[in-house]
Amino acid sequence: PPKDDKKKKDAGKSAKKDKDPVNKSGGKAKKKKWSKGKVRDKLNNLVLFDKATYDKLCKEVPNYKLITPAVVSERLKIRGSLARAALQELLSKGLIKLVSKHRAQVIYTRNTKGGDAPAAGEDA
């Protein structure tokens with residue numbers, strides 16, 4: 001009987017030894033929690049011009065150094081499509097100058113006082 005008792009203890013020890021290396025090597029890692037996504041505040045941009053915004057467009061925008069639909073949309077709180085149309089109008093009136101036209105990005109600048117100087121020093 002005593003010999004059997006020893007064997008049982010050894011069996012218990014060997015089982016414990018088998019479990020230990022698993023815990024040392026990896027162990028159970030904590031499960032990654034989903035982060036709460038950042039909530040952006042809703043942009044309530046104008047779809048059509050009101051008088052005040054239109055006046056602001058005509059006065060201030062031609063003085064910006066870099067004029068793009070994105071910049072105008074952000075500053076005047078108007079939709080991007082409205083900003084594009086407005087800049088086309090300013091261009092046709094000759095208040096701003098086209099720098100680069102791409103299907104996705106149009107860049108204008110203010111009219112330089114000394115005629116058409118090359119617009120190389122552009123702040124992007």
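Each residue, glycine too, has its Cβ placed from N, Cα and C.
A quick note: this is a predicted structure, and the numbers were derived from the prediction, not measured.
Residues or ranges marked as compositional bias 'Basic and acidic residues' by Swiss-Prot: 1-22. Taken from Swiss-Prot, the feature compositional bias 'Basic residues' applies to 27-37. What Swiss-Prot records for K42, K51, K59, K65, K93 is N6-acetyllysine, and it gives similarity to another entry as the kind of evidence. Residues annotated as N6-succinyllysine in Swiss-Prot: K51, K93. As annotated by Swiss-Prot, region 'Disordered' applies to 1-37.
Location within the structure of each feature annotated in Swiss-Prot.
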residue : record            : Cβ contacts under 8 Å, 6 or more apart
K42     : N6-acetyllysine   : none
K51     : N6-succinyllysine : none
K59     : N6-acetyllysine   : none
K93     : N6-succinyllysine : none
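For K65 (N6-acetyllysine), the Cβ neighbour count at a 10 Å cut-off comes to 11, with all displayed protein chains included.
For the compositional bias 'Basic residues' (27-37), the DSSP counts in helix, strand and coil order read 0 helix, 0 strand, 11 coil.
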